[in-house]
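Asks: Sharing a structure, written as structure tokens. Questions coming.
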Amino acid sequence: MIVTDIKKCRTYEECENCKHKEISKCMEVCPSNAIKMIDGKAFSCITCGTCAKECPTGAIKKNEYGGYYVNRKLCTGCGICKNVCPIDIIDIREDSTGKSYPTGMCVMCGLCTTECPYNARLYFDPSSLKNTKNKMLMERYSTIFKMMGKTYEFPEPKHVKIVKPAERKLRHSISIDSEKCVDCGKCVYLCPKDTIIEAEMVDGCTRCNICKEVCPVDAIEYGEVTENCILCGNCISKCPKDVLEISEFKVVKTKEDVKASPEKHCINCGLCVDKCPSNALRFENGKILYDPKTCTLCNTCVKECPQGVRINKGEFVDGGCVLCELCIKECPEDAISIKERSKFTSIDKEECIACGTCSMVCPNDAITVVIDSLNFSGNKVHSKVIFNDNCVICEKCAIHCPRDVIENTSGHKKVVDRENSYIRTDNDYCVKCGLCTIICPNDAIDKGEINTEKCEYCSACVNICPTRAIRIYRTWNEKTK
């Protein structure tokens with residue numbers, strides 16, 4: 001909840017004309033009328049939840065910030081919440097349509113904390129007092145038991161979820177240098193695990209020159225045949241694009257030259273290993289090993305793969321890199337290498353717009369976006385992206401980041417499909433707090449009113465909305481080079 005430090009809260013003004021004599025600055029910005037002035041001090045909703053517990057229609061909901069908001073579709077305006085409020089801060093008001101609904105519940109938007117010129121409005125977690133007290137009691141009893149020559153193991157509370165952090169601290173994977181790559185597609189064709197995927201299935205000669213390598217008499221190069229050809233047909237059978245054929249006792253090239261760009265590849269994050277329900281995948285020395293006899297073809301790995309390289313081929317699933325280094329050895333331009341990648345820890349960049357997309361797409365709940373500064377003065381929003389130990393460096397966050405704040409080593413990128421996505425505000429939930437207006441990087445929303453022409457569907461407004469009034473649905477497209 002948010003409380004007032006009464007020692008810091010400004011003293012009662014003597015000036016009779018002061019506009020803040022009856023209504024303080026925090027009261028002015030509070031969107032839900034959850035602050036009252038008592039003897040010149042600001043007091044507010046204590047977010048005890050009694051109103052939500054007693055609401056007969058379930059119209060009062062608790063958000064992830066610990067605040068409470070009203071679903072006006074369900075509210076009947078019965079006034080029970082007002083009657084049971086222990087501090088008598090809830091009031092029943094009538095809107096322009098004649099419908100009654102309660103106000104006075106804190107949604108924990110935090111506007112009062114940023115607007116208070118005396119820093120008197122503070123976030124306070126009541127559970128911290130209880131936790132501190134319990135810890136002190138436990139330490140006291142432990143000391144007593146030790147003095148008595150006894151030991152006692154205090155069990156973890158049942159509600160505490162113990163998460164074992166991922167053991168992998170480093171990731172080793174192939175890396176393709178786009179500056180050196182000539183888009184011949186040779187790595188795509190020769191990969192024994194089909195883990196390198198071309199951007200587009202092209203039909204033509206990609207100048208991979210596999211034909212030259214398999215020719216026993218060195219009679220062909222880039223599909224062009226010399227008089228030394230003995231019509232063994234080896235080049236025809238080995239050509240990955242069926243470009244060659246025999247016509248009038250000659251091997252001829254039947255298709256035009258095209259480029260085959262490698263778009264994405266397995267980065268050995270091991271997410272498929274972690275999610276596999278049948279233990280058909282194993283991580284050993286940075287390599288992803290697969291046992292087809294154990295696999296149940298449930299497609300979990302196919303769905304979870306952030307790079308989208310896992311493929312169900314009917315009898316087995318392919319796509320995991322075993323670091324055989326064949327692509328490295330065969331690349332004609334030395335454009336492929338194995339690189340080491342450490343776990344993400346935190347990212348603090350000006351380009352970050354605190355949209356929270358990274359946190360939403362993370363498969364391991366490893367990301368938290370922390371907003372350090374947010375106010376009405378027009379200053380830029382400052383935020384940090386924090387990663388916990390559950391991060392497996394899968395780079396799904398980087399793939400979906402709308403501003404490329406997170407480093408993407410895979411080259412695989414996705415962007416919002418605007419035509420098949422939507423964003424809207426449910427005015428039965430919106431309290432016009434204006435947080436969405438402050439955080440929007442494109443000035444595309446004004447207290448819930450969305451300009452879809454300016455909106456980039458980044459979801460910053462969705463994540464900061466304390467009443468969940470803004471809803472978004474996004475589909476994604478592969479971004480082509």
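Glycine is no exception: its Cβ is also placed from the backbone N, Cα and C atoms.
All annotation found in TrEMBL is predicted automatically rather than curated by experts.
The domain '4Fe-4S ferredoxin-type' annotation in TrEMBL covers 34-65, 66-95, 97-127, 172-201, 218-249, 256-286, 287-309, 313-341, 343-372, 382-411, 421-450, 451-475.
Show me how these features fit into the shown structure, please.
Replies: Non-local neighbours of the domain '4Fe-4S ferredoxin-type' (34-65) in the same chain are 1-4, 6, 9-13, 22-24, 26-27, 71-76, 78, 80-81, 84-87, 89-90, 102-109, 112, 120-121, 466-468; each lies 6+ residues outside the stretch with a CB under 8 Å from one of its CB atoms.
Long-range contacts of the domain '4Fe-4S ferredoxin-type' (66-95) within the same chain: residues 1, 32-34, 36, 43-52, 54-60, 101-109, 125, 428-429, 431, 466-468, each at least 6 residues beyond the stretch ends and with a Cβ under 8 Å from a Cβ of the stretch.
Across the domain '4Fe-4S ferredoxin-type' (97-127), mean pLDDT in this model comes to 85.
Counting same-chain residues at least six beyond the ends of the domain '4Fe-4S ferredoxin-type' (172-201), those with a Cβ under 8 angstroms from any Cβ of the stretch are 207-210, 240, 259-269, 286, 308-309, 311, 318-324, 326-328, 330-341, 409, 411, 478, 480-481.
Residues in the domain '4Fe-4S ferredoxin-type' (218-249) partition by DSSP class (helix H, G, I; strand E, B; coil) as 5 helix, 7 strand, 20 coil.
Cβ atoms under 8 Å from those of the domain '4Fe-4S ferredoxin-type' (256-286) belong to residues 166, 168, 170-174, 176, 181, 183-185, 187-188, 193, 195-200, 202-208, 292, 294-296, 298, 300-301, 304-310, 319-321, 323, 341, 363-364, 392-395, 409-412, 478, 480-481 of the same chain, restricted to positions at least 6 beyond its ends.
For the domain '4Fe-4S ferredoxin-type' (287-309), the DSSP counts in helix, strand and coil order read 5 helix, 4 strand, 14 coil.
Listed as Cβ neighbours of the domain '4Fe-4S ferredoxin-type' (313-341) (distance under 8 Å, sequence separation of 6 or more from its ends, same chain) are residues 170-177, 179-182, 184, 186-187, 190-196, 209, 265-268, 272, 281, 286-290, 292, 295, 297, 299, 301-302, 305, 393, 409.
Taking H, G and I as helix, E and B as strand and the rest as coil, DSSP gives the domain '4Fe-4S ferredoxin-type' (343-372) the counts 5 helix, 8 strand, 17 coil.
Within the same chain, residues 31-32, 69-73, 107, 109, 111, 353-355, 371, 374-376, 381, 456-458, 460-462, 464-475 sit at least 6 positions outside the domain '4Fe-4S ferredoxin-type' (421-450) and bring their C-beta atoms closer than 8 Å to a C-beta of that stretch.
Within the chain, the domain '4Fe-4S ferredoxin-type' (451-475) has long-range Cβ neighbours (under 8 A, six or more residues past its boundaries) at 61, 63, 65, 67, 69, 107-109, 353-357, 359-360, 369, 371, 402, 416-418, 420-431, 433, 435-436, 439-445.
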